[in-house]
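Below is one structure, written out as structure tokens; comments come after it.
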Amino acid sequence: MSDASYRDAIFSTPLDRVARFSFDENVVACFPDMIRRSVPGYGQILGMFGLIAQRHLRHGGHVYDLGCSLGAAGLALAGALPADAFRYTGVDLSPAMVERARQTFAAECPDHALQVDEADIRTLDYAPSGMIILNFTLQFLPPEDRDALLAKLYAALEPGGVLILSEKTVDIDERDNAWRVERYHDFKRANGYSDLEISQKRNALENVLVPDTLETHHARLKRAGFTRSLTWFQYLNFASLIAFKEA
Ligand code: GEK
């Protein structure tokens, strides 16, 4: 991003009380920069969505992108697939995100069928879909709401459909966990974040972003009805899983 004012500096000044992290206009303006510099593998994960859709989505099939933010997954799919290959519904609770995503789609890919709805993904009535993406979203739901959502998504998926779940994770083993977290902080420092920004953001996300272990994710997918899931991507304490609904 060329405009320096869009660089994520949300946590660069000492705050008396660190604000609870929320997806408001301040976050939206610098979001693409923030997520690229703070989520290891974000670009690689997005880059695979088109390839996964080519293998698992029937021609003209439907894709949900839940917690779509600015619609990065929709843009990635539109960049990889022709306009008649899929229909996409992005869903986000944040009005600021939804508005920006709509503007981006209208400007960047007007020929693709990309829709954005402002809604809570926990209470949405889901239409049948061939591919459901939760790209770093489930971690923001209260843990007690996660099982019910995945059960709903399993029910909405068409036979042969796939669910992609990308998350920040924790390790059961404390030493392994500490190593991954420390290298993650090195990663953020290498991407230009100061120690102050790293620790302030960590505090702001406490109790807002509640990560699970990979084992918990796979067990939850099984409880939701998926007979098969695998971790297809992992980079430090960030991972992406794919779960298959039998054809
Ligand atoms: C990407 N997937 O760039 N209902 C709807 N949206 C929600 C809810 C909810 N209950 N809770 C949180 N959100 C994106 C990145 S960001 C991840 C996802 C991050 C939304 C919230 O408004 C935000 O836009 C998104 O989930 C999480 O591929 O910021 O680290």
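Cβ coordinates come from backbone N, Cα and C, glycine included.
Copied over from TrEMBL:
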- Tyr42, Gly67, Cys68, Ser69, Asp120, Ile121, Asn135, Arg202: S-adenosyl-L-methionine binding site (BINDING)
- 63-161: domain 'Methyltransferase' (DOMAIN)
Which one is it: of the binding-site residues Cys68, Ser69, Asn135, Arg202, which Cβ has the fewest other Cβ atoms within 10 Å in this structure?
Arg202
Please state whether DSSP places Ser69 (S-adenosyl-L-methionine binding site) in a helix, a strand or coil.
coil
Using the residues the record lists for S-adenosyl-L-methionine (Tyr42, Gly67, Cys68, Ser69, Asp120, Ile121, Asn135, Arg202), what whole-number Å value is the largest Cα to Cα distance?
25
Can you give me the same-chain residues 6 or more apart in sequence from Gly67 (S-adenosyl-L-methionine binding site) with a CB-CB distance under 8 Å?
Val91, Asp92, Leu93, Ile121, Leu134, Asn135, Phe136, Thr137, Leu138, Phe140
Report the same-chain neighbours of Asp120 (S-adenosyl-L-methionine binding site): residues 6+ apart in sequence with Cβ closer than 8 Å to its Cβ, ordered by sequence.
Leu93
Would you mind sorting out which binding-site residues among Tyr42, Gly67, Ser69, Asp120, Ile121 put a C-beta under 6 angstroms from ligand 1?
Gly67, Ser69, Asp120, Ile121
I'd like to know which of these binding-site residues, Tyr42, Ile121, is least surrounded, judged by other CB atoms within 10 A.
Tyr42
For the domain 'Methyltransferase' (63-161), would you mind checking the mean pLDDT of the predicted model?
97
